[in-house]
C-alpha cells in the first residue's frame, strides 16, 4: 500500500511542477508583450488638448484639469475659472479652486482672493476700470480692501501721469507728449505715431511709404513694422536726434536693401532726408559719410567712388602665413530697435548661417585660406533662430607699430540694392557700384502683415556672403587693400516653413592682379611657339627628304600641321607645368606674402592650355600610332640549303633530286619576337598609375593642392578642408607622375637592361643567331636595317653545333657580326634610292596582292604558289641588295654628322646610291612603343590630369588612364600584328 502511494505522489508532484512551469512561462510571455506595448504611445501636442485639459510635460499627453479649472495660456498648467479663486497652488496643475461669494464676485489680479468690483468685471473675472484709471486692490500696507477702487491718473501739468501698460500704477507720460501738447494726450493738430507725439508745424514729410519691396518675388508687402514705427522713428531722429531712433531708422533702410528712389519717401529716402539735414554737423572720426548721431550706412553715390575705396589705400598693416595670419574682424551689433548690443568678434559663426564646428567656422578668417561653405537650412529653423534681425557694422581690427588698436571699416556690396530702380551693384564695372556698411542675416519681421505676432508672409535671408581680399601689387610684406563683403539676399514666400528650405553659401576668396603673370605666360608661349614652328619645319623638311618628294602639296601641309601639333603640345605642356610649379612653390613656401593663388575664374586660361596640350598630344600620339602600324617590314632569311635529297614526283611514279628546303621556323620565331616587343615600354604602366595614386591619396600629396597656406601632407578630419586649386592639383599630379616616370626610365636603363633583360638588344642578337635580317621602311625612302646574317654560315643546326658556334664567338675564333667586315655594327638607318624603292614596290605588289596571309590554307594552289614565289623573290632581291650585287642599286655606309643626329634629318640625298648610316643607338625602336616613351608618358600624364581637372578625383583618373593604356596597347598589338603578317607573309596564326 505504501509502495503504491509513492509513485502516485511523485506523479502528482511532477504534474504540479509542470503546471507551475507553464504558468511562469505564460506570465513571462505576457510580461514581454506588455513591456513591448509600453514603448509606443499616442502623439499629442499642447494645442490639441481640450479647454479643460492641460499638457502634461512629463507624460507628454493631455490630462484633465481639476474641478472649476481650465488650462492656462501656455497650455501646460491649470488656472481657476472666472469667479473662482485659489486656496492652494503647488505649481503646475496642482491647484485647488473655490467659488467666490455672491457679494464679492471679482477675483484679485494674483488670483488668491475675492473682492467686490464697483465698475464690473472683465471676461477673466477681474475688476474693470475706465480708461485713464488704475485698479487699486490693496492699501499701502498690502492689506486687501473689501472693495476695489479705480484711481484716476493726474495728467495735468506738474504731474503728467497715465496708467502703465498693466494698469497697476501711474507713470509719467512719454516726453514727446509733454513737450508737444503739454499733456498726456496727442490730439489734433499734433501727430501721434509709434507711441510718440510730434508737432505738425515742422517741415518733416508726411507722406511715408511703409511698403516693403521684394524684387525677387515681384511683389510688395504692407509691413506692420514699418507702419507702426517708421514715421515715429524718423521723426524722433529728425526732431530730437535720438540715437536709438536714428539707429532704428538706419536699420529700416538696411531692411529695405539700402535702396534709394527719389520719387518715394521710404525708409532710405527718409534716412537721406535726415542725413542731408545734418550736413552742418561734424563728421564722425573724420569720415564724411558718417554724420553725428546717425549710423554710417553709405559711402556716397559719386561715380568711381567704390573703385577708390577698394583700390587706393592699402591697410596700414601686413599679413603673413607663419606669424600674423588671422583676420580679426569685429562687429558692432544692434537690435532692430536701434539699441547697441555689444562689440563682438565674428568668429564662432556670427556671419555664417551654416552650422559647423567652431574650428572649421573660424578657418574662414585664417589669412590665405580660401573658404567655401554651403548648406541647406529649413525656414522653420531660421524663424526659430532669428525671430528678430540683428544688424552688424563690420570692421577689421589691426595694431600699429606701437601696438595701438585701430578699426578699419569694411565696405559692403549689396547685390539687391536698387538706385532709382536700377541694380547698380550687379554691374560688372566697379565704377558704378554703391557701397554700403550695415548688414543683417535674416529678416523675419518686416514681412509680417497686420500683426507683429503673426508668422511673416515673406522672410528675407542672406543666402550668399562672400568676403574678397585683394593683395596690393608688387608687395613683399603681405599688404592688402580694403576687404569687400559682397552679400546677396533671397526673398522666400512662406507657404509651409517646415517643408521649405533655402540654400546658403559663405565664402572667403583671395585675389591679386594676374596681369603680369598672363603677360609672362603669353611671352613664353610666343617664344616657344616660334621655336615649335621652326622645329616643325625642320621635321617636315626631313620627312620630305625621307619620302623622296621635293614637291610641296596638301600632304606636306597636313604633315607640317601634325608635326606642329606635337611640338605645340610640348610647348603647352612645358608652360603649364612651369606655371603650376611656380604657384605651388612660391605660394606654399612664402612667409611674407607676395603672391596669392589665382581664383577659379582666373584659372580658366590655364585649364584651356592644359586642354590644348592634351588635344594636340593626342593627335601626335595617334599620328605615331598610325605610322607604326603601317610600316613596311621584311625578314631576310640568309640560310642556304645544305644539299640535295631524292624526292618522289607525283604522277610520274619516280624520284628526282631536289634541294633540301630551308626551315621557316626561324623566320616565324623572329617574327614572334618582333611582335612581342612592339608594345614594350621603358616603364611599367600599372606600376606608374598605382604609385602615383599611392603618393597622392595615401601619402597625402593631394593636400598640397588645397587653397590654404599649409604645406602639411596630413590633415585632421576636424580641420577645415579648403577647396582644391586646379592649378595646384595639376602641379602636384604632374610632378609626382614625372618623377616616378623618370625614376622608372633611369632604373630601366641603368639597372634592368644591364643586369636583367634588354629586349631590344636581345632581339638583335636573336636575329644573328637565327641568320635572319630585318629590313624595315618607316618612310618611302627611309627606314632601318638590322643585320642578322650569321657569322657561322648556318643557323638551322643542332644543339651541339649551336653551342659550339656560341663558344667560338665568345673566344673570338670567328669573324664579327657587323655588316662591314671586322666591325660589330648590326643596326643601321637607311636612306634608299628611288630606284631601289621602285624595285621593292614591284615585288611587294605581288606579295600583298592577296587580302592578307591569314587565309593561306584556304587559298587556291596557284595563288599560294605565286605568293611563295614573291616571297622568295623579295628575299633574294633584298639579300642581293645587301651583298652589293645590283650595281645600279648599290649603297655605301657612313656615320651621321652630329648636326644630322640633333636635327633628326639627313643632309645627303640618296640619288644614285642608297646610304646606310651606322646606328649604335638602335633607333629602329622609334617604330615601337619603346622608342616613343616620352610621347607616351606625357600623353598618359595629360590624360590623367584632364580627367582629374574635369571630375576632381584622382582615383577615377587613375582607373581611366590605365584603361586607355590597355585599350591603345590592344589596338597597337592587334593592328600591328596584322600588318606584320601582311608585309612579311608570316601566317598570323603563327604569331602567338
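Note: Cβ is positioned from N, Cα and C throughout, glycine not excepted.
Residues annotated as signal peptide in Swiss-Prot, with sequence analysis given as evidence: 1-35.
The topological domain 'Extracellular' annotation in Swiss-Prot covers 36-516 (among others) and rests on similarity to another entry. On the 0 to 100 pLDDT scale, the model's mean across the topological domain 'Extracellular' (36-516) is 85.
The region 'Cysteine-rich' feature in Swiss-Prot is assigned to 37-280; the stated evidence is similarity to another entry.
The disulfide bond annotation in Swiss-Prot covers 49-62 (among others) and is backed by similarity to another entry. For residue 62 (disulfide bond), the same-chain residues that are 6 or more apart in sequence and have a Cβ closer than 8 Å to its Cβ are 44, 48, 49, 50, 53, 54, 55, 56. Mapped onto three states, the DSSP output places residue 62 (disulfide bond) in strand.
Residues or ranges marked as disulfide bond in Swiss-Prot: 65-78 (among others). Residue 78 (disulfide bond) falls within a strand segment according to DSSP.
Residue 80 (disulfide bond) has a Cβ environment of 25 other Cβ atoms inside 10 Å. As annotated by Swiss-Prot, disulfide bond applies to 80-97 (among others), with the evidence given as similarity to another entry.
According to Swiss-Prot, the disulfide bond annotation covers 100-114 (among others), on the basis of similarity to another entry. Classification of residue 100 (disulfide bond) by DSSP places it in coil, neither helical nor stranded. Take the CB of residue 100 (disulfide bond) and look out to 10 A: across all protein chains shown you find 20 other CB atoms.
Spatially close to residue 117 (disulfide bond) yet at least six residues away along the chain are 105, 106, 126, 127, 128, 147, 148, judged by Cβ distances under 8 angstroms. In three-state terms derived from DSSP, residue 117 (disulfide bond) belongs to neither a helical nor a strand segment and is classed as coil. Taken from Swiss-Prot, the feature disulfide bond applies to 117-127 (among others), supported by similarity to another entry.
Residues or ranges marked as disulfide bond by Swiss-Prot: 129-150 (among others). Taking the Cβ of residue 150 (disulfide bond) as centre and 10 Å as the limit, one finds 17 other Cβ atoms among all the protein chains shown.
Marked as disulfide bond by Swiss-Prot: 153-170 (among others). For the recorded site, residue 153 (disulfide bond), the DSSP three-state label reads coil.
Per Swiss-Prot, the feature disulfide bond maps to 173-184 (among others); the stated evidence is similarity to another entry. Secondary structure at residue 184 (disulfide bond), as computed by DSSP, is coil. Residues within less than 8 Å, Cβ to Cβ, of residue 184 (disulfide bond) and separated from it by at least 6 positions along the same chain comprise 153, 155, 160, 161, 162, 173, 177, 178.
Neighbours of residue 186 (disulfide bond), defined as other CB atoms within 10 A of its CB across all chains, total 20. Annotated disulfide bond per Swiss-Prot: 186-197 (among others), in sequence order, evidence recorded as similarity to another entry.
What Swiss-Prot records for 237-246 (among others) is disulfide bond. Counting every protein chain shown, the Cβ of residue 237 (disulfide bond) has 27 other Cβ atoms within 10 Å.
According to DSSP, residue 242 (N-linked glycosylation site) is assigned to coil rather than to any helix or strand. Sequence annotations record features per position, and here Swiss-Prot assigns N-linked glycosylation site to 242 based on sequence analysis.
Residue environment of residue 253 (disulfide bond) contains 24 other Cβ atoms, counted within 10 Å of its Cβ in all protein chains. Taken from Swiss-Prot, the feature disulfide bond applies to 253-268 (among others).
Just so you know, the Cβ of residue 354 (disulfide bond) picks up 16 other Cβ atoms within 10 Å once every protein chain is counted. In the three-state DSSP scheme, residue 354 (disulfide bond) is classed as coil. According to Swiss-Prot, the feature disulfide bond maps to 354-375 (among others), an assignment based on similarity to another entry.
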Report, as a single number, how many Cβ atoms besides its own are within 10 Å of the Cβ of residue 114 (disulfide bond). 20
In terms of Cβ proximity under 8 Å, which residues at least six beyond the ends of the intramembrane segment (668-676) contact it? 633, 635, 759, 763, 766-767, 770, 772, 774, 788, 973, 976-977, 980, 984, 986, 990-992
In sequence order, what residues of the same chain, 6+ apart, have a Cβ less than 8 Å from the Cβ of residue 375 (disulfide bond)? 353, 354, 355, 503, 504
Stretch winning on C-beta pairs under 8 A with the intramembrane segment (927-933) (pool: 677-685, 686-698, 729-754, 760-768) is 677-685
Leading contact stretch, 729-754, 755-759, 760-768, 934-949 vs the intramembrane segment (686-698) - CB distance under 8 Å: 729-754
Non-local residues, at least 6 beyond the ends, that sit with Cβ under 8 Å of the topological domain 'Extracellular' (950-954): 693, 696-697, 702, 724, 729, 733
Helix, strand and coil totals (DSSP H, G, I; E, B; other) for the topological domain 'Cytoplasmic' (983-992): 5 helix, 0 strand, 5 coil
Helix, strand or coil by DSSP: which one applies to residue 49 (disulfide bond)? coil
Helix, strand or coil at residue 173 (disulfide bond), per DSSP? coil
Residue 153 (disulfide bond), Cβ-centred 10 Å count of other Cβ atoms over all protein chains shown, is 20
